[in-house]
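Features as listed in TrEMBL:
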type: DOMAIN; residues: 514-563; note: domain 'Cationic amino acid transporter C-terminal'
type: TRANSMEM; residues: 75-97; note: transmembrane segment
type: TRANSMEM; residues: 109-131; note: transmembrane segment
type: TRANSMEM; residues: 152-173; note: transmembrane segment
type: TRANSMEM; residues: 263-282; note: transmembrane segment
type: TRANSMEM; residues: 303-324; note: transmembrane segment
type: TRANSMEM; residues: 350-374; note: transmembrane segment
type: TRANSMEM; residues: 395-415; note: transmembrane segment
type: TRANSMEM; residues: 421-442; note: transmembrane segment
type: TRANSMEM; residues: 454-478; note: transmembrane segment
type: TRANSMEM; residues: 484-506; note: transmembrane segment
type: TRANSMEM; residues: 513-535; note: transmembrane segment
type: TRANSMEM; residues: 541-561; note: transmembrane segment
Amino acid sequence: MGSAGELGDDSQPRKYWRCSKQDFFPEESFQNWNTYLSALSQTFLRFKDRLISRSNEAEEIGELRKRSENDMKQCLTWWDLTWFGFGSVIGTGIFVLTGQEAHDHAGPAIVLSYVASGVSAMLSVFCYTEFAVEIPVAGGSFAYLRIELGDFAAFITAGNILLESIVGTAAVARGWTSYFTSLLNRQRNSLRIHTNLRDGYNLLDPIAVVVLATAATIAMISTRKTSYLNWIASAVNTVVILFVIIAGFAHANTSNLTPFLPYGAKGVFQAAAIVYFAYGGFDNIATMAEETKNPSRDIPLGLLGSMSIITVIYCLMALSLAMMQKYTDIDREAAYSIAFQSVGMKWAKYLVALGALKGMTTVLLVGALGQARYTTHIARAHMIPPWFALVHPKTGTPINATLLIAISSACIAFFSSLNVLAGLLSVSTLFVFMMMAVALLVRRYYVREITPRINLLKLVIFLLIIIASSMATSAYWGLKPDSWPGYIITVPLWFLGTAGISFFVPQQRTPKVWGVPLVPWLPSLSIATNIFLMGSLSSDAFIRFGVCSLVMLAYYIFFGLHATYDMAHRPPATQNEVSGI
């Protein structure tokens, strides 16, 4: 594929660095204004077609990969994936958001917030692992949903994946600056540029931009070299984490745990919805399946192994912070550094700040790899211009996709504060993970042209009951957090919906290598917990999410819909031409 994919119509190798209209909009609908207006006039029919259409495993694994013109290099093992798991997760939420949420919402019960988020995250990890083993492509959840739920559902997910990638990277970069300031023993915002812009957007952060540019450059050079660098940085970070836990408990004051629930149970779950961001990086591992030597063995070991250890580490670190310092005194941005300073270990704040910087650096490094691979596969499907799907022939990395995420993240990180970013990010992450659980149930219980129509109808009805009851539980919690009668209705409905699938819908597919246990109960519980945590977020987060979703929908109606329709209905002989091959 590598050589054949580089040949154009004149059988000459095509340059990687090229920029023409055909590279961005090669589809028939965008050839001129007449074809575009004709496509717009068929929007309803095309939308109906895309709504019910499904991809298949052969297309995702084979045909779509050819549209990158060159292969990514298979160079990763379970060892790499395990360390990528540590590198992509530890350093974001635990260092950036723990102090903020302990101070504002949960108090000492922040440890329970991490337990709740950890349980929900592990349920999602199970779903991701089964899909990644069965469908080892760079697209991650986008590819999985495109197969099971269809083109439109995949686009909605793709939009949220890109939003999560860009906003998440920006949030970590802003946090990097905060800890760097602490390491230099300077005031919190002294390295940011103060302006008269609106509050939340008035502190410009050029350091965050430089850090993002550096991480992206390393990721573009080589996946293998990025893995080596991640090993080293993660090892250093592990030493710091052990120090934080041991030294934190050594200077613990149990009186700081009183009151344990100053904001009540509602505060615990509100914080859980925000710190869920801390677990979000694990999905980057699934996107590296295409570059893994033995996906069926390496992905379960890398994903499940790293996330199990990370959940325990998060809970211990959160507890050590809550016992070192009163929740009202915890610093919102550099919590651990200031906490050690408060117990007389002033020198320790520099070690913690260095470890946090190392952790956030690996998050940015691994994020640059995983997010670019998401973007690459989305571009392969022509949801976004196929120019972003190209893989460089020498580096074996998707440079164009990496640049898209890095530049977009840098623009946001330059202007937006951490609290503006975190809530929006959590809604997007929870939504994607909820969709993954739905897709897994569909995969297990429905196979096209095999499953009887009556079984499909029962599956849809029971899924709607599960989702509706989960939404009702979340809404009731938000409206009446101190009341319980409503749960007598909503929780049994969820149970009945799940039991209905278990007893009345026969499974149509058995995983070939590794599968989620206790289906449908664990995926159904994942749906419920993700929706519940979404309902714990503030209204501002949903307003921003709604605005972003409207922008995504407008893009789909005017561009993405017509590009994917053209590709789906193009004669096979000409599909390579349209893909730019």
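All residue numbers here begin at 1 and follow the chain in the order shown.
From the backbone N, Cα and C atoms, a Cβ is placed for every residue, glycine too.
Remember, TrEMBL labels are computer predictions, not curated facts.
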Summary of DSSP states over the domain 'Cationic amino acid transporter C-terminal' (514-563), given as helix, strand and coil counts: 40 helix, 0 strand, 10 coil
Contact between the transmembrane segment (454-478) and the transmembrane segment (484-506) (at least 3 Cβ pairs under 8 Å, separation 6+): yes
Long-range environment of the transmembrane segment (75-97) - Cβ separation under 8 angstroms, sequence gap at least 6: 168, 171-172, 175, 178-179, 223-224, 227, 230-231, 233-234, 237-238, 241, 274-282, 284-285, 288, 291-294, 297-299, 301-303, 305-307, 309-310, 313-314, 317-318, 333, 335-336, 356, 358-363, 365-367, 369-370, 418, 422
Region pair the transmembrane segment (152-173) / the transmembrane segment (303-324), three or more CB pairs under 8 Å: no
Distant-in-sequence neighbours of the transmembrane segment (350-374), which means Cβ under 8 A and at least six residues beyond its ends: 72, 84, 86-92, 94-96, 138-140, 142, 158, 161-162, 165, 168-169, 172-173, 175-176, 179-180, 182-183, 185, 211-212, 215-216, 218-219, 223, 226, 229-230, 233-234, 236-237, 239-241, 243-244, 281, 283-285, 287-288, 290, 334, 336-337, 340, 397-398, 401-402, 404-406
Touch test for the transmembrane segment (109-131) and the transmembrane segment (484-506), at least 3 Cβ pairs under 8 Å: no
For the transmembrane segment (513-535): best-contacting stretch of 263-282, 303-324, 484-506, by Cβ pairs under 8 Å: 484-506
